[in-house]
Amino acid sequence: MKTLLLTLVVVTIVCLDFGHTMICYNQQSSQPPTTTTCSEGQCYKQRWRDHRGWRTERGCGCPKAIPEVKLNCCKTDRCNG
């Protein structure tokens, strides 16, 4: 019985992951919203204008800022919508 209880506790801890992952949007520009699970603990959204108009890129992590690109990095689930 103790072994079963210990196994359940371990499985629960592994499944919960204690918040080390988060959910980020990862669709590009006008694509339908999609999400992914990120282990980096951050999401980003960057926007820039080109000959087609405003372009948007979303994903995990926080890339290095580039001139003329609006970059927003954040640390909560789905914060890069």
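Yeah, the Cβs are placed from backbone N, Cα and C, and that goes for glycine too.
The signal peptide annotation in Swiss-Prot covers 1-21.
The C-beta environment of Cys24 (disulfide bond), restricted to residues of the same chain at least 6 apart in sequence and closer than 8 Å, consists of Thr35, Thr36, Cys38, Cys43, Tyr44, Arg58, Gly59, Cys60, Asp77, Arg78, Cys79, Asn80. Annotation comment: Swiss-Prot describes Cys24-Cys43 (among others) as disulfide bond.
Per Swiss-Prot, disulfide bond is recorded for Cys38-Cys60 (among others), and the stated evidence type is similarity to another entry. Annotation note: Cys60 (disulfide bond) sits in a strand segment as assigned by DSSP.
The site 'May be critical for toxicity' annotation in Swiss-Prot covers Arg52 (among others) and rests on similarity to another entry. Cβ contacts within 10 Å of Arg52 (site 'May be critical for toxicity'), excluding its own Cβ and spanning all protein chains shown: 7. DSSP gives Arg52 (site 'May be critical for toxicity') a coil state; it is part of no helix or strand.
Counting Cβ atoms from all protein chains shown, Arg55 (site 'May be critical for toxicity') has 14 others lying within 10 Å of its own Cβ. Summarising the annotation, Swiss-Prot assigns site 'May be critical for toxicity' to Arg55 (among others) and lists similarity to another entry as the type of evidence.
Under the heading disulfide bond, Swiss-Prot lists Cys62-Cys73 (among others), citing similarity to another entry as support. Secondary structure at Cys73 (disulfide bond), as computed by DSSP, is strand. For Cys73 (disulfide bond), the same-chain residues lying six or more positions away in sequence with a CB closer than 8 A to its CB are Gln42, Cys43, Tyr44, Cys62.
For Cys74-Cys79 (among others), the entry in Swiss-Prot reads disulfide bond, with the evidence type similarity to another entry. Cβ neighbours within 10 Å of Cys79 (disulfide bond), excluding its own Cβ and spanning all shown chains: 17.
Least crowded of the disulfide-bonded residues (Cys38, Cys74), judged by neighbouring Cβ atoms within 10 Å of its own Cβ: Cys74. Each residue contributes its Cα atom, and for Arg55 (site 'May be critical for toxicity') and Cys74 (disulfide bond) those atoms are 19 Å apart. In this structure, the C-alpha atom of Arg52 (site 'May be critical for toxicity') lies 27 angstrom from that of Cys74 (disulfide bond).
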